[in-house]
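*Asks:* So TrEMBL lists the following for this protein:
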TRANSMEM  26-46  transmembrane segment
DOMAIN    37-287  domain 'G-protein coupled receptors family 1 profile'
TRANSMEM  58-77  transmembrane segment
TRANSMEM  104-124  transmembrane segment
TRANSMEM  136-156  transmembrane segment
TRANSMEM  182-206  transmembrane segment
TRANSMEM  227-248  transmembrane segment
TRANSMEM  268-289  transmembrane segment
Amino acid sequence: MEQQGSPANDTNCTIQDFKRAIYPPVYLSIFVLGILGNGFSIFIFLQSFRKQTSMNVFMLNLAISDFLFVFTLPFRADYYLKNSKWVFGDITCRLMSYSWYVNMYSSIYFLTVMSIVRFLAIVHPFRLLSLTSIKGARILCVTIWTFVMVISATLLKGGSSQKNNETSCLDPEKEKIQRLLILNNIVLAVGFILPLGTLSVCYILIIRTLLKPRVPESGLRPSNKKALLTISIILFFFLVCFLPYHLLRTVHLLAWSENKCHSRVHKAVVITLCLAAANNCLNPLLYYFSGENFKERLICKYIIHIYTYIYI
């Protein structure tokens, strides 16, 4: 269902040259940036583990998800550099699609929960305090991980396939189109439309709350600014990284089910896959601009490093 390529048995609808030109440089760039950005973010979060907030718990789990996923990108880049020839074995192939969906939908749910926490902080600060507690945040993270990993387990059934004495991976098979359509509809509803709807409602209600007449103040309170900034960044990620992918994946599957070949749509799917993967190296921007004291801890570490370098 990842829809990275053409039907495995359709040689008249391939864009191998386009994929070879796009995927490897993009995936390897995301790999490098993702390792650096998420690795450093995890380091910063763990440095103040005893002073964590619920937001930092969610952000730490999101960073771990992204950090683990980017290690699969060199395998994907190698596959397309070799003209869709898989050399890493069946088990590794199964893990490719599985890791893609575990990362994507755990990220979507972590981002959605962060939006809800910011929403509650402004609109209903005294409600659902269990969600904003450290214990509640950790329980919710375990729940998200478990739910996404169990739901995605069906993807472990699909491994590599043989054709003309060559092994392929990441390219869906025509015979499984009906099953893929059903899975796509379920995942689209539960994994994207529901979180996007929740995020949109939170954004609208926060804007409405902030626009209500109140006692004159010198602008928005810092907490309100951070909440609005957090949800704005997350909404941007949804619209740029996740929305195009889910729309084009659905269109591509429907066209494929009708034996239609639209090379432009197929190429657009490749671009949207790159945008979805790029979210893994963009999330550190969210931590920097809206993380709890993340910027301050980062600056502190930088100053300490400079001081140590100069005087020791």
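Every residue, even glycine, has its Cβ placed from backbone N, Cα and C.
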*Asks:* Where else in the chain does the transmembrane segment (104-124) make close Cβ contacts, counting only residues six or more beyond its ends and a cut-off under 8 Å?
*Replies:* 54-55, 58-59, 61-62, 65-66, 131-132, 140-141, 144-145, 147-148, 151-152, 187, 191-192, 195, 198-199, 202-203, 205-206, 209-210, 223-224, 226-227, 230-231, 234, 237-238, 242, 276, 279-280, 283
*Asks:* Which sequence-distant residues neighbour the transmembrane segment (182-206)? Criterion: at least 6 residues beyond either end, Cβ under 8 Å.
*Replies:* 1, 101, 104-105, 108-109, 111-112, 115-116, 118-119, 122-123, 154, 227-228, 231-232, 234-235, 238, 242-243, 246, 249-250, 253
